[in-house]
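Before any comments, here is the structure.
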């Protein structure tokens, strides 16, 4: 464990995610003192010659008071209105706080749709790299004004994991109002903090849902553990801790929960396919094709397709489903949906003779495919 914590202290490029609950007052508004305390820690990291990207929630919380809202509204329209007003205030607060250290900030607003569109994905990566190279401090947020998934489900945790992979981070730090994952409700006596998670099997039997609840935000412990799973599977270790203990955690101290990296760093597009892409349709596979794709890691051929759903274009991400409707894989399809009816169930050799050599190929190549359920 000591070696793992030492690796935290030695990480050079770090993504830090902070939730609304760590930036707000008891009444739910933005707390300038808490923002300044976080910036003090982040600025010190930059001074130690580290590159840091901040993924920050808080736009909705910052917009509550200016709009006369006593608490986070439940209806989507007012949530988005609060986000629209609050995002500017949130960035202004960060700008003023970082100015104490002579550091400029750069705002990057993303949505799940941006991460799903490959061109946007590449541009976001280049922008973040350039901001870091030019000495600016990137502050990323889900675009709450239009990103309904984030507002409803607290998707900034997952966004942070994807950003960590996007910028090839050495470490992801998730800051919350709870000091790590506990084996029960941390407010009750007798519960213990889990110092490390070597693989997700270590959490079997742990009631993650009781280990922390967000107030003005939406991302509870469940979404944070899911974000840790995504990052760890992509080869990025994760520290989940309280914002109060951020400095100690980033220095490699024994605080929070450390998630060991469980996988190798994968190609950007594979993580994007598995966790960020929005499927534009589905291909239903027969039993033989399911075995070939899932167990044999083979490409999907027309002969193994039993049905087509949705209206997709060549190059779009689609789900591959078994006969029960379960999504077993996801991949980039090589044909438009309108072409599929004349292809399904037929051999590539037969299609090449009838339609030409362009049709003697896979519907989904194995290099453009990720398995969801082995």
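Keep in mind that glycine also has a Cβ here, set from the backbone N, Cα and C atoms.
What Swiss-Prot says about this one:
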type    : residues                                        : note
BINDING : 17, 176, 177, 218, 219, 220, 221, 222, 223, 224 : ATP binding site
BINDING : 57, 144, 156                                    : substrate binding site
DOMAIN  : 280-358                                         : domain 'PUA'
Those binding-site residues listed as 57, 223, and which of them has the most Cβ atoms within 10 Å of its own Cβ: 57
List the Cα distance (Å, whole number) between residue 17 (ATP binding site) and residue 156 (substrate binding site). 8
For residue 156 (substrate binding site), identify the closest of the binding-site residues 177, 221, 223, judging by Cα separation. 223
Under a three-state reading of DSSP, tell me whether residue 223 (ATP binding site) is helix, strand or coil. helix
Round to a whole number and give the Cα-to-Cα distance in Å for the pair residue 177 (ATP binding site) and residue 57 (substrate binding site). 13
Please list, for the domain 'PUA' (280-358), how many residues fall into helix, strand and coil according to DSSP. 28 helix, 23 strand, 28 coil
Around residue 144 (substrate binding site), how many other CB atoms lie within 10 A of its CB? 25
Distance between residue 57 (substrate binding site) and residue 223 (ATP binding site) at the Cα atoms, whole Å? 14
